[in-house]
């Protein structure tokens, strides 16, 4: 912009103050922060320093491809400036700065996805220090400040000032104050009762606790006093100046701080005639002290680092308020050199599997220079909960995202990171208590890994834990299951479903439990995807007890008995298949039922009832896929059950008996429900049940006392046994 235009515009811009309303959720969040009492308010400084560090990361990354970006200020640093007179604490960084649009959007008008989630967490009793994890750390400034001013300069825009006292709105204006070059200055006008955050000792304590591992120098500016020896003339001059200054500031009550040296000294000076008369005065000066001189923790020897140091670094890296659960610190040398420090958090983030979320939380450095923190190629998606840093010696400093996608070095780093993560989980599994905490939070990630990562499937399968029919309230590994297998047992049996109680009471596990065969209960939706890929474990096939062709260990006598039953019930199976027609693929005698009369099993490669339920619940499901993937259903009957035996006798006496048809359909629909399927026409099934209830209660269908409405319903109800030929089951079904 030409200089003339700038000067012409300036007076207008000075007057032009734009006011904006905070987005509703942000206003609500600020109100919550201001009006609720929080004991650990100090986290505001961690959040603001963390934001400054991110801004410095961004400008450093941009400067790798375009060094001229740093012409507006080569030094990358963070300054903390407390001012007791004005009651302000200022945080200055030489980061990327913000344009006017950034200011308006980032600080008020566009709510981040975490705003609502954080408020819900707060109201549920979560700690305020979680704020950084939800991307709204800036607003923590209002824990201690009554007003916040943000002055910022981006290379592509003018210098702007943002200001708000959190009354539901904020202002933005062009800033005509001291030019910044580039960066952001956050000025906190502290509340009267929060002046402790202007104390040197307190600021140092907070930075050491939360931010000592930030990768840029954090310098504290403190006004101090020191004794200075001057001659009488100079002292008088200084006194006069101070008096004038005090008059100007209307503080004439305070005497200038001049310290007289003791009379002994004066006598000595009198004796020494060569020396001029001297006095000591207090001189004010600004002391600068760098607060984070610790070198990057990942470059140090793991043996020299304490658990506390790892904990402090983890917290400064992640803004987590809890300790990490486990840590892995290693370096790889040889053809390729890199160091890595990986952490497992104590709990999964609220948006772990959100698509919009960045794909990983590992910061990539090249020779101690931060490059990026969302490099998707660095670690697979199923390990996206791992936090940490990777520092490579071999990648070029100015590497772009496109180059990273093709980089062979990165592929090797990725392979090593996955290997070390699995090592870490295996080590963690040795401590039952800690592994239980880990598994509660991240079992879905392990199962997703089994589905996606064929190379590491075997190792990941060793990390799985499940409830079984023999484990009670304790989860066991597949290895534990194998050690308890019966001598003649060839397979690992499992059942999928919604809850532990539901699968434990399922008809499918009756025979297995009776024979003392352990069944694994898989009760998470992701288990269905997991077992599609996990076909075997330690040479033993995983077999679903809800699918056809279930082989159970049995001796010759049992086999012979089963064959006899098949022959005896062959005719009934044929009659039932004719009645059910296309509803089922076939009707067979079951070897898995004990107390239930029948069940519906699915074909070997089709979906289980549970998978069908999951797929039907998908918002974006493809109905054409549903048609051919929904499994072919097989009806299995229990030859030892009295209902089935009586039905056989009735069918053989008169296969055209209407009641046989009704009962077969009722049995089929009830078996569908108990096997976990849903009914296509639940109303018809309900009407059949109501009709049976009426028969059981002895209510006569032709009773004139029955009102018209119930008569109308009765007309729609399907017939039951004993009805005459005019009512036809076919018409209903």
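From the backbone N, Cα and C atoms, a Cβ is placed for every residue, glycine too.
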Annotation match for phosphoserine in Swiss-Prot, from 263, 727: 263
2-5, 730-733 - the range that Swiss-Prot marks as region 'Essential for interaction with SGTA and TTC1': 730-733
Among 68, 231, residue with annotation phosphoserine (source: Swiss-Prot): 231
Selected residue, Swiss-Prot feature phosphoserine, from candidates 72, 454: 454
Shortest C-alpha distance to residue 454 (phosphoserine) - which of the binding-site residues 51, 93, 112, 138: 112
Residue 459 (N6-acetyllysine) versus residue 586 (N6-acetyllysine) - Cα distance in angstrom: 40
Other CB atoms, at most 10 A from the CB of residue 454 (phosphoserine): 9
For residue 586 (N6-acetyllysine): DSSP state (helix, strand, coil): strand
Spatially closest candidate among 51, 93, 112, 138, the listed binding-site residues, to residue 477 (phosphoserine) (Cα to Cα): 112
Cβ atoms near residue 642 (phosphoserine) (within 10 Å, other residues, all chains): 9
